[in-house]
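Asks: Per TrEMBL, the feature transmembrane segment maps to 6-24, 45-66, 72-91, 98-118, 138-156, 163-182, 202-222, 234-254, 260-283.
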Amino acid sequence: QTQILGVLLAAASNFLISVSLNIQKCAHRRLVCQAEQKPYYTSKLWWCGITLLGLGEVGNFTAYGFAPITLVAPLGCVSVIGSAFISVLFLKKTMKPADVLGGTLTITGIYLLVTFAPNVPQELSARQVQNYLVSWPFLVYSILEIIIFCVLLYFYKRKAAKHIVVLLMMVALLASLTVIAVKAVSSMIALSVTGKMQLTYSVFYIMIVLMATSCAFQIKFLNQAMHLYEATAVVPINFVFFTTSATISGVIFYREFRSAALLSVFMFLFGCLLSFLGVIIIARNKKEEHLQIPFIDCGHIPGQKLTGKIQPDSHSSCYGTLNKEGDSVKRQS
């Protein structure tokens with residue numbers, strides 16, 4: 001029952017995040033269309049979107065306390081499906097065959113993920129987290145992750161390698177630590193609420209520091225990737241890398257597949273693959289929108305008489321010219 005609650009909470013939270021992002025986009029569009037330009041943070045609609053985004057992230061944080069990492073992390077594809085659905089329903093975008101194909105693959109993948117996810121106890125005490133931290137599989141995994149991250153950071157700093165794969169690989173490596181810490185903190189808080197106090201253990205605060213630090217650097221590299229590359233490339237690659245790293249960390253640190261049958265593991269991985277393909281198809285089908293201004297109104301230019309709209313002249317080297325009265329007299333003479 002707790003795992004079902006975690007699944008529902010994760011799905012609802014990711015859908016809420018997609019709603020919040022579309023609300024923020026709608027707020028920015030309204031501000032652009034206004035005659036008097038105002039900062040985005042003065043819009044009540046924008047603040048409504050930010051509030052929903054915060055609620056969605058809190059819900060995702062809580063979901064890690066009720067369901068395995070290997071189940072909560074892939075459910076991030078719900079936000080992609082929700083965003084595509086909302087953009088068609090409310091933003092009046094057209095539904096394309098690629099959207100239908102991507103949505104079908106993603107929904108099928110979600111069904112397989114939920115059906116064949118590992119069923120393990122979700123009550124994690126502070127002592128269990130301490131034991132997991134010093135276990136040899138996690139120590140080997142941590143050493144390998146640190147080595148790979150240092151190599152990537154060397155190329156990023158010394159060689160100025162800002163390729164999208166380099167940036168998002170670093171994001172994924174940090175995300176694996178983030179989800180480990182988030183699940184530990186969420187589980188210990190949930191146990192403390194039920195009366196089994198876990199907040200007196202030092203490992204609780206160690207995990208909070210790890211969660212905050214890894215999340216901060218993760219946001220830094222992700223923002224740089226969004227600045228240098230199109231969202232249609234960043235979103236699917238980041239989802240695939242994040243889900244893969246989160247699943248591996250859940251398997252190694254929390255041993256979530258230790259008693260699973262081989263068929264369940266295969267079907268779970270197949271569900272992940274379908275979700276990856278669906279998200280890639282949906283994200284690739286989106287195009288960046290640009291505000292097109294077909295003409296410039298001269299009525300707002302001080303000192304100029306309105307003689308019509310300035311249109312670009314395809315046979316001239318300049319985009320457009322202002323027709324003054326003196327120029328027209330010269331042409332007539």
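Note that Cβ sites are derived from N, Cα and C of the backbone, with glycine treated the same way.
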Asks: Between the stretches 45-66, 72-91, 138-156, which one has more Cβ pairs under 8 Å with the transmembrane segment (234-254) than any other?
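Replies: The stretch with the most contacts is 72-91.
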Asks: Considering only the recorded stretches 45-66, 72-91, 98-118, 138-156, 163-182, state which has the highest number of Cβ pairs under 8 Å to the transmembrane segment (260-283).
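Replies: Highest pair count goes to 98-118.
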Asks: Given a Cβ distance threshold of under 8 angstroms, which distant residues of the chain, six or more beyond its ends, lie next to the transmembrane segment (202-222)?
Replies: 126, 129-130, 133, 167-168, 170-171, 174-175, 177-178, 180-182, 184-185, 188, 234, 238
